[in-house]
Each structure stands twice: as C-alpha cells, then as structure tokens.
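Enquirer: For reference, TrEMBL lists these features for the protein:
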type: DOMAIN; residues: 6-132; note: domain '1-deoxy-D-xylulose 5-phosphate reductoisomerase N-terminal'
type: BINDING; residues: THR12, GLY13, SER14, ILE15, ASN40, ASN124, GLU126, GLY205; note: NADPH binding site
type: BINDING; residues: LYS125, SER151, GLU152, SER176, HIS199, SER212, ASN217, LYS218, GLU221; note: 1-deoxy-D-xylulose 5-phosphate binding site
type: DOMAIN; residues: 146-229; note: domain '1-deoxy-D-xylulose 5-phosphate reductoisomerase C-terminal'
type: BINDING; residues: ASP150, GLU152, GLU221; note: Mn(2+) binding site
type: DOMAIN; residues: 261-377; note: domain 'DXP reductoisomerase C-terminal'
Amino acid sequence: MSQKRIAIFGSTGSIGTQALEVIAANPEKFSAEVLTAQTNDELLVQQAIKFNPNVVVIGDEKKYFKVKEALAGTDVKVFAGEKALEEVAAMDCYDLMLAAIVGYAGLKPTLEALETGKAVALANKETLVVAGDIVMKKAMEKRVPVIPVDSEHSAIFQCLVGETRNRIEKVILTASGGPFRGKKPNFLVNVKRDHALQHPNWTMGAKITIDSATLMNKGLEMIEAKWLFNLAPDQIQVVIHPQSIIHSMVQFEDGSIKAQMGLPDMKLPIQYALGFPNRIANNSPRLNFRTFSTLNFEEPDIKTFRNLGLAIEALNKGGNMPSILNAANEIAVYAFLRNRIGFLDMTEVVEQTMNKIPFIETPTLDEYFDSDGEARSFAASLIQM
Ligand code: NAD
Ligand code: MG
C-alpha cells in the first residue's frame with residue numbers, strides 16, 4: 001500500500017501533536033505533507049524539520065519571516081495568514097486533511113479541502129456546528145468521506161461498520177461530566193480558569209477543556225452527531241459516564257446496542273480516522289476488565305449545566321441557531337480564559353446572544369458567516385459592560 005499523504009491543519013495543538021506521533025510511529029503508512037499553526041512558530045519549525053512536509057502555514061503573519069528563516073536550509077514552502085490556509089487546503093500535495101484547528105477558524109479550510117476532493121478526518125466539531133448542512137452536502141457532492149475524530153463520534157462510526165442497511169434507532173453519547181460533575185451553581189459561581197482546566201480523564205486544548213467543564217462540549221457533539229449520522233434531534237441522547245471507558249453507543253431497531261470501548265486515549269480515534277478502513281496495531285495500554293470493576297451511568301444535570309440545555313435548544317431549532325450558539329460560546333470561553341467573566345457568565349452570554357441575533361431557517365453559507373460575525377460582536381459587547 002502506498003503512503004497516505006496527510007495535511008494536519010492545527011498541527012501544534014493537542015490533536016495535531018498526537019496525530020504526528022501516530023504518523024511518526026507508522027512512516028510506511030503516512031507522511032505529513034502540510035502542517036499549520038496559528039502562533040506557535042517554534043513548535044511548527046521543529047515539526048517541519050522532523051517531518052519535512054511540502055508546505056507549512058503560520059497563521060500569525062508577523063511570524064512569517066521567523067519561520068521562513070528557520071526553514072531556509074530546507075525545501076519546505078512557507079506561507080502565512082488566514083487566506084493561505086484556504087489556498088493550501090486546495091493544493092494537490094495531500095490526500096487527507098486532519099481538520100484539527102480549534103473553533104470557527106477551521107470551517108473555511110475544511111470546506112476548501114472537500115471542494116477539491118480531499119477526504120477529511122474531522123476533529124474540528126465547530127465546523128459541523130456552524131454549517132453542518134453545507135459541509136455534509138459538499139462532501140456528498142464530491143463523494144469524499146468525512147471521518148470523525150471526536151472520540152464519541154469515532155465510537156459511533158466504528159459501531160456502524162457493517163451496518164449500512166440498518167436504521168439507527170438512536171445514538172447514546174457518553175460524557176464524563178467534567179471536573180464539576182455533581183456540583184451546584186453556588187459552587188460553580190466561584191470557579192476559576194485554572195480549576196476548570198483540570199479535566200479528570202482527558203488532556204486537551206484549553207477551549208474544549210472549558211467546554212467539557214460547562215457541558216457545552218456535549219451539546220456541540222449532539223449537533224455534530226446530527227450532521228455526521230443524519231439523525232433527528234430526538235435520536236441523540238446523552239448519558240454521563242464518569243470513567244470514559246464506553247466512548248459512545250448505537251441502538252438499532254431490534255433494541256440491540258453496540259458500544260465502542262477502550263481506555264481514554266485520543267490517539268486511537270486519530271489513528272482509526274487516518275487509517276480507515278484499516279486498524280493499525282499499536283502498543284498503547286489495554287483496558288483490563290478485571291482491574292476496572294465498575295462503570296457508572298447517570299442523567300446529565302441540565303438545570304445546573306445550562307449550556308447543554310441551550311445547545312439542545314439550538315439543535316432543535318436548527319437554521320443558524322447552532323452557529324449563533326457557537327460564536328457566542330467561543331467569545332465567552334476566551335473571556336473566561338482571560339479571567340474577564342465568571343464560569344456561569346458564559347451561559348448568560350450564550351443565552352442572551354441566542355435571543356438577540358435574528359433567526360434564519362435555511363441560511364446560505366454567507367448568512368452563516370454573517371450570523372457568526374453578528375453573534376461575536378454582540379457577545380463581545382456584553383462582556384465589555
Ligand atoms: P488546541 O488549542 O490544542 O490546538 C488548536 C490548533 O489550532 C493549534 O495548532 C493552533 O495553532 C490552531 N489554531 C488556533 N486558532 C487558530 C486560528 N484562528 N486559525 C488557524 N489555526 C488556529 O486544540 P485541540 O484540543 O487540539 O482541539 C482541536 C479541535 O479538535 C477542536 O475543534 C476540538 O473541539 C477538537 N477535539 C479535540 C479533542 C482533544 O482531545 N484535544 C478531542 C475531540 C475533539
Ligand atoms: Mg468528544
């Protein structure tokens with residue numbers, strides 16, 4: 001089998017660096033041909049020297065000359081800026097994009113990859129939350145797969161192998177519950193960023209770690225599941241499962257439920273997406289049921305973790321509402337990370353923005369972009385007050 005040429009958009013992040021470990025462990029299967037970073041030029045340069053890609057992109061244009069100079073002795077092409085991400089996504093030097101940029105910024109390069117016929121391994125859930133209908137339609141039209149990397153969706157995807165003719169009754173997304181499971185608003189009101197950044201089971205980028213603490217992450221994942229698996233909102237259920245051993249489940253029409261399990265380790269869904277349809281042998285630690293005696297399940301507390309409730313509202317409403325939710329949430333999370341607002345204020349910002357921005361039932365791509373912009377400005381205006 002020839003090497004699959006991979007483009008990692010967001011190579012310096014938590015997903016990106018783990019994907020490079022998978023590539024380094026399987027040099028006969030994969031090569032890294034595109035690497036991109038927003039600000040961490042030093043790591044990007046190190047990665048480029050190690051993996052010798054065709055192209056690197058540094059998002060922050062001020063760092064272009066630094067990267068260019070550091071790679072002067074190599075034949076790695078260097079580009080900079082937001083527009084370059086889309087241009088590079090359209091290049092022919094790779095076969096599969098790993099979409100591992102965080103947030104709305106990942107949408108345009110991913111659309112460009114699909115437009116030019118590349119398979120996409122999708123970590124960037126916000127892409128589907130913002131414009132899932134357009135993204136999935138584009139993938140269908142170009143006949144290219146969108147393979148999930150998010151662990152829950154990878155689990156569902158793995159459960160569906162061999163089931164193409166069988167209808168899904170529902171999917172059950174598992175959630176760890178985050179660091180504040182069981183806590184009430186009188187506790188959450190005082191939570192600070194450093195505490196919220198401590199996730200019990202997973203080490204991830206800052207934004208998704210905060211989203212996991214507020215349960216917004218699970219809400220975004222419900223919307224992501226709707227588009228990936230073509231589901232109605234009432235076919236998507238969330239259950240809290242603190243051990244993160246069952247990564248998610250699918251229930252079929254005969255009542256049979258399939259679960260995908262394993263120790264929590266993002267490298268598994270990453271390598272499954274890169275290698276699909278083949279599994280790749282590795283030496284990661286194995287789950288031992290004799291030492292892992294209990295798996296627990298409980299109902300999510302959406303009265304306390306209202307972000308999940310708001311995301312369900314957006315999922316049910318459809319149209320541009322998920323994109324409004326997402327934009328307001330991105331602004332709120334970054335404000336919380338800078339200690340500008342409190343933990344519960346994040347929910348206020350999202351809710352008020354959802355109530356303010358005009359609803360559009362079937363938006364065009366430009367209308368999605370506009371809703372995103374309007375929602376961001378409004379959310380930011382709430383925070384400055
Ligand atoms: P991260 O913050 O660790 O890394 C983000 C990457 O995107 C970095 O390479 C950064 O340089 C780049 N980036 C950031 N802002 C950018 C911008 N404006 N333009 C271009 N590039 C930009 O994030 P992460 O935890 O790796 O998550 C990446 C995506 O994967 C997110 O959408 C997240 O929800 C999803 N995801 C992550 C995990 C995980 O375990 N980390 C699990 C499931 C899903
Ligand atoms: Mg997940």
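Cβ coordinates come from backbone N, Cα and C, glycine included.
Give me the local environment of each listed feature.
Expert: Neighbour list (ASN124 (NADPH binding site), Cβ cut-off 8 Å, at least 6 residues apart, same chain): PHE9, GLY10, ALA99, ALA100, ILE101, VAL102, GLY103, GLY106, LEU107, THR110.
In the three-state DSSP scheme, GLU152 (1-deoxy-D-xylulose 5-phosphate binding site) falls into the helix class.
Residues near ASP150 (Mn(2+) binding site) in space but far in sequence (CB under 8 A, at least 6 apart, same chain), listed by position: LEU122, ALA123, LYS125, GLU221, GLU224, PRO269.
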Enquirer: Whose Cβ lies within 8 Å of the mean position of the Cβ atoms of ASP150, GLU152, GLU221, the Mn(2+) site, other than those residues?
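Expert: For the Mn(2+) site, the extra neighbours are LYS125, PRO148, SER151, HIS153, SER154, LEU173, ASN217, LYS218, GLU224, ALA225, SER248.
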Enquirer: Under 6 Å from ligand 1 by Cβ, which binding-site residues from GLU152, HIS199, ASN217, GLU221?
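Expert: Those binding-site residues that pass the cut-off are none, since no Cβ is under 6 Å from ligand 1.
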Enquirer: GLY205 (NADPH binding site) to HIS199 (1-deoxy-D-xylulose 5-phosphate binding site): how many Å between their Cα atoms?
Expert: 11
